[in-house]
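Q: Pasting the relevant annotations from Swiss-Prot:
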type	residues	note
BINDING	34, 35, 36, 37, 38, 39, 40, 41, 245, 272	ATP binding site
ACT_SITE	63	active site
BINDING	283, 286	Zn(2+) binding site
C-alpha cells in the first residue's frame, strides 16, 4: 500500500528514504523486520536524519533486547533521555512485556508486589492475565500516554522482531475485553470487594476498583485515539527492513499484507547486508551469495514496484557509535553506488 501523499503520477520512486524527511506531516514512524536484519541500525540512522529536519525527535525501542543502548554506546531507560551529541534527538527503551501490576500499583512504593498480602489480589491478576496480551496492552498504553504528553514532533519506534511487531494494533480490542471483564466483576462483586479491600488496607495508592476501571478507560481512549492516527498515511508510516533471502522476504510480504489489512501506510523497504563483489574478486562464496541476493532483489523490485526500495551494502565492521551511525544514515538518503560487477 503506497501513500498517495508520497507517490504521484508516473514518477519512478527514488531508492532512498528522502521522502520521509520531506513529509512534514509525519508524526509516527515504525521500523520493523525479522531479527538480525539491521532493524535497530536502520531506525537509529533514520532518527539521526529526521533530527536534521525536525525540531524534536524521539526514538523508542519496544524490543526487550534493548539494542539502542548498544548502538549509541549510552544507557537508556524508560524515561526519554537526550542522545549524546544531539540537542533534539532523545531515546527511551521500554519493555512491552511490562506487567499490569504497574497500573494497579499506580507508581507507589509497592510496585513490585502491589497485591502483596491481599487474598483476592491473585484473583484479580488471574482475571486480568486471562486475556491474552493484556499486560503488553496496558504497558504500551502507558507509554503512548507518556509520549503524547512529551509533544515530540516525530516519534520513531524500533519495534520487536516480526511476530510481535503488529501486536499494538490489537491493543484497543484487548483493552476493551479487559475493561468488559473487570466491569462485570465490579458490578457483581464490587461492593463486597471494596469492603474486603478496605478492611485489608486497600489497593496500593489507596485506589478502589472503580478508580482502576476509570484509569483503564482513560488508557483505552488514549490508545484508540493514537490508533486512529496510525491509520492516517499523512501521520504514520511503517518502514520494512529485510535482507535479500527467502525467509526475510517471506516475513516482509506477510508483514506488508498485515499492515495493509490494518490500513497502515507502508511504502519504504530497506534491504540490508547486500554484497557487491568487484569483477576481479576471487571470492567464490561472495559471488555465489551475490547471485542469490540478486534473485531476491529482483523479486523485491517486481513485488514492490510502488515502494521506495533502499539497497544497503554489507559492511566490514559493526555500525555502533554516533559516527558510524551517521555514516550509515547518509546512505539511507544518498543511494550507495556499488562498484561495477
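Glycine too: its Cβ is placed from the backbone N, Cα and C atoms.
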Q: Does residue 286 (Zn(2+) binding site) have same-chain partners at least 6 apart in sequence with Cβ under 8 Å from its own Cβ, and which are they?
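A: When sequence neighbours closer than 6 are ignored, residue 286 (Zn(2+) binding site) has 275, 277 within Cβ distance under 8 Å.
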Q: Compare all C-alpha positions of 34, 35, 36, 37, 38, 39, 40, 41, 245, 272, the record's ATP binders, and send over the largest distance in angstrom.
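A: If we measure all Cα pairs in 34, 35, 36, 37, 38, 39, 40, 41, 245, 272, the largest is 19 Å.
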Q: Would you find the one among the binding-site residues 36, 38 whose Cβ has the most company, meaning other Cβ atoms within 10 Å?
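A: Going through 36, 38 one by one, the largest Cβ count within 10 Å is at 38.
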Q: Using Cα coordinates, what distance in whole Å links residue 36 (ATP binding site) and the residue listed as 'active site'?
A: 12
Q: If you measure from the Cα of residue 283 (Zn(2+) binding site), which of the recorded positions 34, 63, 245 is the nearest?
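A: For residue 283 (Zn(2+) binding site), the spatially nearest of the recorded positions is 245.
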Q: Report the member of 63, 245 (the recorded positions) whose C-beta atom has the most other C-beta atoms within 10 angstroms.
A: 63
Q: To the nearest Å, how far is the Cα of residue 40 (ATP binding site) from the Cα of the residue listed as 'active site'?
A: 9
Q: Within 10 Å of the Cβ of residue 34 (ATP binding site), how many other Cβ atoms can be counted across all chains shown?
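A: Looking across every protein chain shown, the total is 22.
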Q: Show me the subset of 34, 38, 245 whose Cα is within 10 Å of the residue listed as 'active site'; these are the binding-site residues I mean.
A: none
Q: Measure the Cβ-based neighbour count of residue 283 (Zn(2+) binding site), defined as the other Cβ atoms within 10 Å of its Cβ.
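A: Excluding its own Cβ, residue 283 (Zn(2+) binding site) sees 12 Cβ atoms within 10 Å.
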